[in-house]
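Trainee: Here it is: the structure, laid out below.
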Amino acid sequence: QNQPHPLQTQQYFGGQYDNDIDYYNRSQSPPQSPPQSPQNYSTRFAVDPRQVTRSPSYGRSGELSRNRSMIRPERHRPRPTMINNQHHRTASIDPNQSQTNPQQQGPSRLSRYGSNGSHHKKKVKKDLFADFHFWPFFAKVATFWAPSFIISKCGMRDPLVRQAWREKVTLCMIIIFICLLLAILTFGLRPALCPEDTSSRAAYSIRQDNNSLVKVVRDDVLIYGKIYNFSLVQSYLSQVNNITMNTNFKGVDLSPLFDNTNGACARYDALVSKNITATCKVEDPYSPGIFLQAADGNCLPTPKIQSSGSLAYEWFDILPNNINPRPFLIVYNNAVINITQYAINNVPYFGTDLHRILGKVVAKDGTQLLNSRAQYKTAMNCIERRYAAGVLSTQTIGCFATNIIMLVSLAVILAVIVIRFVMAIVFSWFMSSKLTKVVKTKDGLQVKGDPLYTIMLVTCYSEGEAGLRTTMDSLASTEYSDKHKLFCVIADGLIKGEGNKKTTPDICLDLIELPPDIPDPEPCSYIAIADGEKQFNMAKVYAGHYTKDNHRVPVILIVKVGSEKEQTTPKPGNRGKRDSQIILMSFFQHVYWNDRFTELDYELFWKIYYLMGVTADKFELILMVDADTEVAPTSLTYMVSAMKTDPKIMGLCGETRIANKTASWVSAIQVFEYFISHHLGKAFESVFGGVTCLPGCFCMYRLKAPKEDQWIPILSNPDVVSEYQQNIVTTLHSKNLLLLGEDRYLSTLMLRSFPKRKMMFVPEAMCHTVVPDEFSVLLSQRRRWINSTVHNLLELVLVSDLCGIACLSMQFMVMLELIGTVVLPAAICFTILLILMTILTKDAQVIPLLLLGAVLGLPGVLIVITTRKVVYVMWMIVYLLALPIWNFVLPVYAYWHFDDFSWGETRKVSGDDGGDDHGKKAGVFDTSMIVMKKWEDWERERRCMTLKKLPLRNSIKTGSSEASSRTAVDRNNQHQRQQGNRHLVSDPTLVPPKPLYANSGSNRSSHEHEYQQNPYPHQQPYPASQSQSSLLSHGGSGESLNSTPSSRGRVSPFATPMIEQNTNFFPPHNFTSGGPSSPPPQTSSSSRRNLLPFEARQSVPMQFPPPRHDSG
């Protein structure tokens, strides 16, 4: 009762029915059709359904009707589409370009015609730049050096293949450029802005706490202010000049021994004795009178040895101090000059004026005064070279800028790491437990309050029986109420997995329990996600149950069988996982908005009601699970509870753990990666309600959400469905989004369409999946994941409505994640180089090492704090050992295969090379093959065909058989409108079905329901004779449906049943209104009167005629 009330117009059957079952208007003219919504529904024209009224001639006289179930979708401002394929829309089909069927008028034809049947053509001024897109043009410019005729010679003859190659090369060039920028930032910025002679400086002295100075004792030697390694200088003097230098000279200034003037002092040396200007010897500090000098007494040239830095002086070293009470040091152009020897000689050989000035600027900066005259500059050139002692310990602008850039980079990255770490802990300790509110019952954990109807979508492709059984067993065994969950298994084509003995649809059929009297369903047409003739696809819909222990869960099995032309191809009916998801998404969009149904939509609608006792618009949640995933028993309860606790949550996921941890080294290196991606990445994003990727193997979305006292579409939102069902993808960017990473792209679409809603992570909900245990399979899988991640982040970084502002926003975090993803190869190379430099040169790079320690160490701390499972520390070590594979091998391989859109070694199919990407065009799509009608039109035709024992739906076959069938349908419809429907009352086959769940007493578990195999003993649920039912085959092998599941033949895509399968899908009688979460109706064996659990809001219950035969 806490749920919002449905709309007053939410109903499937309108009007009051008298005892004659006046289903149609008794006038001679056809009934007036209700206003039709356009094929591509624009939410801008949505109106408040509370203000929608039915026409007096439509519904009040007994006409079938159904109105919308939704209100205006949430939208903040108009947004451009994420993929610029405006002229490539699945449903945008021009009827002028295809054959149309004259038997289908108005809403029964897929077209752009308006409700009045006219095609409005507006004259639009052509924009010369309408079809111009920057990215393809930029890719061509960047690869100008590779002409098309040369690329064609390499095997790329298709223009789209050549364009994809150009875009791949352009992306690789951009990635290389970003990696070079990172290299410059790491290794080149300091040498460029702060050269080695200014950055590597050694202090002359150290100031103690009492302000006294202590001279630094060093093992190096000084030569004109430069620091040289003692061993190198010792070896140089011994080998080149035959001079032996003992260890007494460590830390001594050897400048007088060398001549550093290079002729700058020649004019001054000629005026005075050489002994005055240069002594060319150095006295031993521990043996007075013993000098280090050349044999001829001349000065030596400056040694050609690489210095390790410069001696740096602070101002307190230049001023008088306890080490040197009277220092003769002056500062000139940031260089420190020691004129002690000049002061001792006291000879003004540089001139009297300069001699006097040098005395004034002792212990001062004399740069300005000494540069005042040209003759002073000439003399200072000699003085600086001969008496250089070091440099002033000041920071240049370049060094200052370098330090600022490095510190800011460190602060930002370290802040991001620490914030992610802290927020993950906050979510684990305080927030996650508040998401789920469950109660313990005898049936296990249950949702607090009324459960929500949930569809469990299982998409399968080439999985084996063991994997499918494991998945369905786990889902059926979940503690969530069986009354409120429905399996929807979609087999993506008639596929036989490698190593399987049966096709995947046959394996699925063997697992489920089908009612024995239901014939093999006919294929139903629908619009698939493909290009060309493959847009037309057909699927069979099976309805049954899956039993596991005391759980009996309804199952809808959809098998894509393809068209008749495809039956000779390797994979008939296969359209990809995205097409499987779109089948349900578009179905619920049509249901909620009362849009036109395809044949498949109508088949799904009635079979869902047949199994569940409620119509499809009662479902609010959809759980998406891959067919190799094992779900924990409490997972579904926790996920539904989170959805119910916070209506703002539009999607969530649980924790995915690895089932085959120790299968090989390939699976072992993935354990910690899976753990940290959930408990660090998704936990942090959940704090802000913006999980950027809900894994397709285990996630849940909200189909519709309550808002105030109304409903709004979420996953079934027309904007989301329209974007997600793009059928023509031509650029590399769109193919990576739609063909490789459809799960992540759907998450991106949801965040983009609903930036104010939440995407969450529920750690209590867990599942186990089988990961690749061979390196080739891992390579193919991660190629798809990495490439789709890059392209999805490129889209998500443009969404400005995400939580936060500027650097404190999810958009900034997404940008950092994008940059971090593309620079992974360079980052691991730089890390290894940094470690080697630290070990070999003993020059520790403190800042990068601290950053590296934080990146690698904090996840280990997170493990201990959140899970307290020390075993994951071992898995972390295994992961770190494999870092070169994660950060170099896999990304480089993925980037170079940007234009590979196949699944490679993943999910191999028998007899297939795995190169199909579902994006290739073949043939032309004929729109006349698709029939789309409103629900009431399908229902009117079904009832009419039931009476006349004609085929229910229009045949997909062309030619005379199709025309005759449709002509018969039209004649029959006209006959019904003229003669009325009085014979309906006397038809004994029109018996309303009883619900499948019967009331068996309060002592029965919510999972144990009495299944009514045949509610009416003297009638079959499907009115077929005994001879007919015995001939109905489940497949093409001719076996009876009464045979065991293991004996059934394989799925035959075009088996023709003896009778129509939907005869029993007749609306029950005498239904009343129910609550938004009404349970399935309780039926007594002594009564034939059923309560239809539709949300029909009427003051007077609708009256259906009682059946002619009473079972009671």
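Including glycine, each Cβ sits where the backbone N, Cα and C put it.
Copied straight from TrEMBL:
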- 1-13: compositional bias 'Polar residues' (COMPBIAS)
- 1-119: region 'Disordered' (REGION)
- 93-117: compositional bias 'Polar residues' (COMPBIAS)
- 132-151: transmembrane segment (TRANSMEM)
- 171-189: transmembrane segment (TRANSMEM)
- 312-390: domain 'Chitin synthase 4-like' (DOMAIN)
- 404-430: transmembrane segment (TRANSMEM)
- 818-839: transmembrane segment (TRANSMEM)
- 846-866: transmembrane segment (TRANSMEM)
- 872-898: transmembrane segment (TRANSMEM)
- 955-967: compositional bias 'Polar residues' (COMPBIAS)
- 955-1112: region 'Disordered' (REGION)
- 1012-1043: compositional bias 'Low complexity' (COMPBIAS)
Trainee: Sort out the residues at least 6 away from either end of the transmembrane segment (818-839), same chain, that have Cβ-Cβ distances under 8 Å to it, and list them.
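Mentor: For the transmembrane segment (818-839), the far contacts come to 175, 178-179, 182-183, 186-187, 786, 789-790, 793-794, 797, 845, 848-849, 852, 883-884, 886-888, 891-892.
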Trainee: So, do the transmembrane segment (872-898) and the transmembrane segment (404-430) meet, by the test of 3 or more Cβ pairs under 8 Å (sequence gap 6 or more)?
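Mentor: Since fewer than 3 Cβ pairs under 8 Å link them, the transmembrane segment (872-898) and the transmembrane segment (404-430) do not come into contact.
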Trainee: Any residues 6+ beyond the ends of the transmembrane segment (846-866) with a Cβ under 8 Å from its own?
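Mentor: Tertiary neighbours of the transmembrane segment (846-866) are 186, 406-407, 410, 413-414, 417-418, 421, 424-425, 428, 672, 675-676, 679-680, 831, 834, 838, 872-873, 876, 880.
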Trainee: So how many of the residues in the domain 'Chitin synthase 4-like' (312-390) end up helix, strand or coil by DSSP?
Mentor: 36 helix, 14 strand, 29 coil
